[in-house]
Amino acid sequence: MAQHTVYFPDAFLTQMREAMPSTLSFDDFLAACQRPLRRSIRVNTLKISVADFLQLTASYGWTLTPIPWCEEGFWIERDDEDALPLGSTAEHLSGLFYIQEASSMLPVAALFADGNAPQRVMDVAAAPGSKTTQIAARMNNEGAILANEFSASRVKVLHANISRCGIRNVALTHFDGRVFGAALPEMFDAILLDAPCSGEGVVRKDPDALKNWSPESNQEIAATQRELIDSAFHALCPGGTLVYSTCTLNQEENEAVCRWLKETYPDAVEFLPLGDLFPGANKALTEEGFLHVFPQIYDCEGFFVARLRKTQAIPALPAPKYKVGNFPFSPVKDREAGQIRQAAAGVGLNWDENLRLWQRDKELWLFPVGIEALIGKVRFSRLGIKLAETHNKGYRWQHEAVIALASPDNMNAFELTPQEAEEWYRGRDVYPQAAPVADDVLVTFQHQPIGLAKRIGSRLKNSYPRELVRDGKLFTGNA
């Protein structure tokens, strides 16, 4: 694999020499940093099993190497890498996999280790969505996830990825993560804090990542991280699990932040060792039981992961002074909800008791029941999935609901050919050789729902959202 030139400040190299265990070679570290990062994907098991995915892609010339800490994760090498971006493959467009760096699969693996099965989870710094979607898959779309993102521009990307992956148990918020300890005390069974950091571990992906690096900036970032982990710890239920992670390598932003929390709450913080998380985890294990992943150990990004348990309650923070404002939605009455459910089932949309119908004007939404306890305590950017808009003739079903709720085995499902599916993703109407009978048609490809179409004569009217329409080459040559 080709080398690329990484910029290393001298002070950074000195810091790494001091931080690196004697069992590791500094020369190996430098060599690993100069190699481009291996690409990796995670199969979205909400849509397809790993076995079925491997069978589906077997003829594509993809070499998939299992990632030890994630059963759904694979390093990928492709024959058609230059001809077709991985994000333009049919399997990516329909949400069958997520392009995710291997190291970033570690925090969620730690969150669910040892049979941990949380019902209400917070992802404090969630965009672009790799870990939120991984959490949702581990929860099998049940329970509830609060996915927060401080950057306004990244909230839209977060929602797009959640929607593409067919996730329905998520509420989105847009706050500084330091507010949650006061706003939502002891509300979560598990919390992932993948903290903003100096990014020292990402030089294989971005050779200039350290251009603005300095020891002083590390100290400033670590101060923010301490405030974030303190807030997250307050939002965690007693007995709950907190995973703290970064994509950086210095100890000040990693081990020292976790030690600070334990020193602050000595009777409430327990470090849960990660040496048994996967075969070979001991190669990255610190004396506290954290994983400090230098890039040469597993040939991936540099990363840090710690798992903590809150063993008892801690004194509450002062209640926030802000007002949330009126919640603009109201629950749909049972009788009307039954009619809506029946109409939705007619086009192949079904949901379980984990979701409840709410209404705002002519909009119908499905909210995860597990998030209802947070209503009135925090303002949401987006909650659950938009099911439909009502109009005189019935319902206008929404694309995100089709992706999240539709069964490809519905009687009105219509499987497109590769050529027809390509037209669909380009936003064009489809003219199948044998038109379906139903007026409302659930459009599928590779036995996966990709949209809802109106049949007009022999034409299927395209309803694919304009912002998702693709140009250029689509699909593998074998699709």
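Counting begins at 1 with the first residue displayed.
Just so it is clear, glycine is given a Cβ too, placed from its N, Cα and C backbone atoms.
Feature annotations, reproduced from Swiss-Prot:
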type	residues	note
ACT_SITE	Cys247	active site, nucleophile
BINDING	Ala125, Ala126, Ala127, Pro128, Gly129, Ser130, Lys131, Glu149, Asp176, Asp194	S-adenosyl-L-methionine binding site
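Feature map: annotations from Swiss-Prot on the structure.
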residue	record	Cβ contacts under 8 Å, 6 or more apart
Ala125	S-adenosyl-L-methionine binding site	Asn148, Glu149, Phe150, Gly177, Leu193, Asp194, Ala195, Pro196
Ala127	S-adenosyl-L-methionine binding site	Glu149, Ser151, Arg154, Val155, Val157, Leu158
Gly129	S-adenosyl-L-methionine binding site	Tyr98, Ala147, Val157, Leu158, Ala160, Asn161, Ile162, Cys165
Lys131	S-adenosyl-L-methionine binding site	Ser104, Pro107, Val108, Asp123, Leu192, Asp194
Asp176	S-adenosyl-L-methionine binding site	Phe150
Cys247	active site, nucleophile	Ser103, Ser104, Cys197, Gly199, Glu200, Gly201, Val202, Glu301, Gly302, Phe303, Phe304
Secondary structure of the residue listed as 'active site, nucleophile' (DSSP, helix/strand/coil): coil
